[in-house]
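Chemist: Annotations per Swiss-Prot:
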type: BINDING; residues: HIS9, ASP13, ASP76; note: Mn(2+) 1 binding site
type: BINDING; residues: ASP15, ASP76, HIS98, ASP150; note: Mn(2+) 2 binding site
Amino acid sequence: MSKILVFGHQNPDSDAIGSSMAYAYLKRQLGVDAQAVALGNPNEETAFVLDYFGIQAPPVVKSAQAEGAKQVILTDHNEFQQSIADIREVEVVEVVDHHRVANFETANPLYMRLEPVGSASSIVYRLYKENGVAIPKEIAGVMLSGLISDTLLLKSPTTHASDPAVAEDLAKIAGVDLQEYGLAMLKAGTNLASKTAAQLVDIDAKTFELNGSQVRVAQVNTVDINEVLERQNEIEEAIKASQAANGYSDFVLMITDILNSNSEILALGNNTDKVEAAFNFTLKNNHAFLAGAVSRKKQVVPQLTESFNG
């Protein structure tokens, strides 16, 4: 039997890479020929994680079949438009995810582990425990990092009641102080000055099909929202170029202040009225403040979905 590829979503974040690496290792311990790969290069936050724990980044692939794989395992996503290019030509045998289920179907039954927790890594941690497999230090490190990243160090409303205990245990195994390491890791991902506008709007971006519209929702983390808004003109040009190249009807950019847990929403496209209705605000110069919003999954996408379907 050929190897099974394990990967997270396009534009991978720390949880996409961490959960796929950790789950591939677990599957190998259980006798499955599984290999972690990625659908893009690590961002600066994830690069910090991999360097800290001395781990090589998983190879970047564009096609599962080109790697000789007929079967794949998805972590941290399930929607096909967020997955590998030839997802419909291979068999999805497992999914480990903590997002909504949409635009997903398979020809055969499969194992799906879906939980409304803070990260896919939280679920993989439980799978280690359930299978009685010891977690190596570096694997604990990448899972912890995925949880920290997705919950902004357990401050996001996506944080599940079980996540703090998971984080504490993983931090102990990884040999790090949760708060000290977590803050250093998050800050590593806020260095946006070296990024072009095109890179900035694609660092952490996902496409959602909302009532027939292809809506791109991107997020950048920062410690200074105004520093990002100073580049608004070039950011808007990059957004328009991305829309033209990919057919997005709308583009929503979350500029998230990780220290104060707020976001500025920058929106362009055909349905900005629906964006305004979703958050009950008025866009001025294409952007508006959204107090307390840090989670795309819980505080932006559901609201947009309801508004676009309304």
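A Cβ is built for glycine as well, from the same backbone N, Cα and C atoms used for every other residue.
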Chemist: Name, in the order they occur in the sequence, the residues of the same chain whose CB lies under 8 A from the CB of ASP76 (Mn(2+) 1 binding site) and which sit 6 or more residues away.
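Modeler: GLY8, HIS9, ASP13, ASP15, ALA16, SER19, SER20, VAL96, ASP97, HIS98, HIS99, SER119, ALA120, GLY146 - these are the non-local Cβ neighbours of ASP76 (Mn(2+) 1 binding site), listed in sequence order.
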Chemist: Just jot down the residues in the same chain as ASP150 (Mn(2+) 2 binding site), at least 6 apart in sequence, with C-beta under 8 A of its C-beta; none if empty.
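Modeler: For ASP150 (Mn(2+) 2 binding site), the qualifying residues are ASP13, SER14, ASP15, HIS98, GLY118, SER119, ALA120, SER121, SER156, THR158.
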Chemist: Just counting, how many other CB atoms are there within 10 A of the CB of ASP15 (Mn(2+) 2 binding site)?
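Modeler: Result for ASP15 (Mn(2+) 2 binding site): 30 neighbouring Cβ atoms inside 10 Å.
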Chemist: Give the helix, strand or coil assignment DSSP yields for ASP15 (Mn(2+) 2 binding site).
Modeler: helix
Chemist: How many other Cβ atoms sit within 10 Å of the Cβ of HIS9 (Mn(2+) 1 binding site)?
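Modeler: Step by step: centre on the Cβ of HIS9 (Mn(2+) 1 binding site), count other Cβ atoms within 10 Å, giving 27.
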Chemist: Could you find out if DSSP has ASP150 (Mn(2+) 2 binding site) as helix, strand or coil?
Modeler: helix
